[in-house]
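Student: Below are the structure tokens for one structure; questions will follow.
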Amino acid sequence: MTASSVEQLRKEGNELFKCGDYGGALAAYTQALGLDATPQDQAVLHRNRAACYLKLEDYDKAETEASKAIEKDGGDVKALYRRSQALEKLGRLDQAVLDLQRCVSLEPKNKVFQEALRNIGGQIQEKVRYMSSTDAKVEQMFQILLDPEEKGTEKKQKASQNLVVLAREDAGAEKTLRSNGVQLLQRLLDTGETDLMLAALRTLVGICSEHQSRTVATLSILGTRRVVSILGVESQSVSLAACHLLQVMFDALKEGVKKGFRGKEGAIIVDPARELKVLISNLLDLLTEVGVSGQGRDNALTLLIKAVPRKSLKDPNNSLTLWVIDQGLKKILEVGGSLQDPPGELAVTANSRMSASILLSKLFDDLKCDAERENFHRLCENYIKSWFEGRGLAGKLRAIQTVSCLLQGPCDAGNRALELSGVMEGVIALCASEQEEEQLVAVEALIHAAGKAKRASFITANGVSLLKDLYKRSEKDSIRIRALVGLCKLGSAGGTDFSMKQFAEGSTLKLAKQCRKWLCNDQIDAGTRRWAVEGLAYLTFDADVKEEFVEDAAALKALFQLSRSEERSVLFAVASALVNCTNSYDYEEPDPKMVELAKYAKQHVPEQHPKDKPSFVRARVKKLLAAGVVSAMVYMVKTESPVLTSSCRELLSRIFLALVEEVEDRGTVVAQGGGRALIPLALEGTDVGQTKAAQALAKLTITSNPEMTFPGERIYEVVRPLVSLLHLNCSGLQNFEALMALTNLAGISERLRQKILKEKAVPMIEGYMFEEHEMIRRASTECMCNLAMSKEVQDLFEAEGNDRLKLLVLYSGEDDELLQRAAAGGLAMLTSMRPTLCSRIPQVTTHWLEILQALLLSSNQELQHRGAVVVLNMVEASREIASTLMESEMMEILSVLAKGDHSPVTRAAAACLDKAVEYGLIQPNQDGE
């Protein structure tokens, strides 16, 4: 019974493979392997799994499966050939040629093997020629750089730039490494000349990119400490280049194996985790080193943000995060608690504290259980206590600044720190200080503390008078603006709920007016003006404030200019204000019955502001578009900064979706680069943010020419986000818009259709063809009609044992004219490309003839034409089918249509009758017609 089950599953897998369902075939073969299969059966199953992986383009697994088959049967030529195919794709040509030579020796007359051997031999010769020329080029560059007689720096710079280009190719990278190139590059780094240092760092990027062994060799030669120390130089461009190099090294050590290397690995890495920890340990040490530039410290934080936390919470291993918390949490807090003005021991920038907050937040979010979180809290509290107790006023300032850093990041840890003995009292006391820097630290802490509704209520009761006093009496704008933001934050504690206002009517409008005034004041530095945006981000929950804000052209211009400044920490506040103005947050209309019930139970019911109705929102969106919001957002998306967090990206996605809601606004968004900016938002960020961005992409793809909206290769990047909208967890509208957009893309080129197929969209599109909602059903049928131009989709329709063709025939007879048109178009396409399908149409339903006749008798000329083409294809495919058609009323219908004008319908009908005459089924009349 087991043997028959294995055989049955193998045959089932073979059928699925023939139908193009490679994932299903793979599952069948895997299930068969789990049974008690004989060694011979196991060899066949592994060989078949290799074929599936080749089709799925997973060449590493294809090689593994083929090797397992060869272990069972060394003379299995199919397995040898499949392994050679996988090895060729992996770039291991020398191993691939050995397998092909064995294939040829086993089957000398097999022309496929001979041709494959000739092709791969040509590739090897080409690679040898290229390697030879590359060797010469690398040596030439080295001679110029090493020549002590060469005084001209321009020639040396050109040589070093050529090395950068060569190192991007595998052969050049290998040659550079073998020719003691890393030692030479180290000498370039030691020169201290910016141009030469940049060229050396970029060459090292090429050497290490996606190659674990070369990365380890480079670190071994240069020294991890030396590489990391380059981050701390004063030159911003050199520090950024070093940051890029370290990111490439992290990728090579952490994920390089998964990406598929170019060429063979030249060394075996016993424990890449050790190399990772050494790199991270050096980065943590750099954070607290005196003499390191502020930009370098920010870059180190950025690297830690990207490298340490898990990419997905589904990954069970968070050991690296736990190790960093134990070894480096105090060092991160050291940066978060440092003051920019007056400068302390550690040089920091305006963005350093925000970067530290983001890193702390990501580390905290990466923890899995209460014990791990409790350890995090304990370390933070111990650090704050160590500064707060017994260190005088300077220590208290440092402690409060650290609390602010935590409140901006892992706010749970920040709130617990606020509850430590004396901290809140210290904040209140320092607000009354005569020293500006002390007041700044205290007021900022008070602002961040007001984030929670519970604490906001406490501060409203106890701290509002203090903030008002600071706002009215302070002579320093930097203090007044922060006090104002504190008041703004407390005034917006009710959110969008019109019935919950913390302050008297009109107070929020006065606060907003002052915020706009400061925002427009160019004399105030960007770091201080950022706080005005923070205030507006809170106040724009109020619809009256939104209306005044979008009417203020100068304020909008200042806002967009500030978003382009070096003050990166303003991005979230800008995005928050724009989300509020466009009402692009999620809002569900409450059920009227539930509202009545809540009122009866005397429960609070949120009320919407009258100026938040759709007509007001649409007007605000148009004003923002006219003010240039799209170009500002495009710039924000391009920002390479940890401040552009997943939540910030989500806000930008929400705004874009609101901007493209109206069809007439989409041209403006596309013209200012919005289409290109949406692609990265749809590929990275929170699930909600990616979905919103994908939906905005779908709207643009539906109403504008995709080739103009997404020029060049970008159009292929749009496919994956659109396919993600087909998942069942998306709304019906999102499904519909994705189908419409994919229909447009599928009609452009075969390469785009192949991309859609590769993203496994066809099964989902087929599923929606059975959807009850008529618009979704119609859109999916139209999409399938365009995809039917691809050979793979035609194979699916031609495969035995499925109802795909039947569904199209039945839909061609539906009452929905648009659905009819899509289905009939698909039928016309398929019967033209695959004549064998013509003979199967009469088999799928007994109503086929009625359906075709109804198409030809339709008043819609498009339906008539599609029906006439289907009938013509069937007549040309088989005399037997033609006979059946001519014996029915179809002949009379065709005769009438053939007497019309010179339309496509007339020509198709006449061609049907001519073919019937040729078969001898009918006779031409006396007039020769």
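Note that Cβ sites are derived from N, Cα and C of the backbone, with glycine treated the same way.
According to Swiss-Prot, the feature N6-acetyllysine maps to K55, K468, an assignment based on similarity to another entry. Positions annotated as repeat 'TPR 1' by Swiss-Prot: 6-39. Residues or ranges marked as repeat 'TPR 2' by Swiss-Prot: 43-76. What Swiss-Prot lists as repeat 'TPR 3' is 77-110.
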Student: Give the number of CB atoms, excluding that of K468 (N6-acetyllysine) itself, located within 10 Å of its CB.
Tutor: 14
Student: How does the repeat 'TPR 1' (6-39) divide up by DSSP, counting helix, then strand, then coil residues?
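Tutor: The composition, in the requested order, is 26 helix, 0 strand, 8 coil.
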Student: Between K468 (N6-acetyllysine) and K55 (N6-acetyllysine), how many Å separate their Cα atoms?
Tutor: 69
Student: Validating a neighbour-count step here. Other CB atoms within 10 A of the CB of K55 (N6-acetyllysine): how many?
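Tutor: Its Cβ shell of radius 10 Å holds 15 other Cβ atoms.
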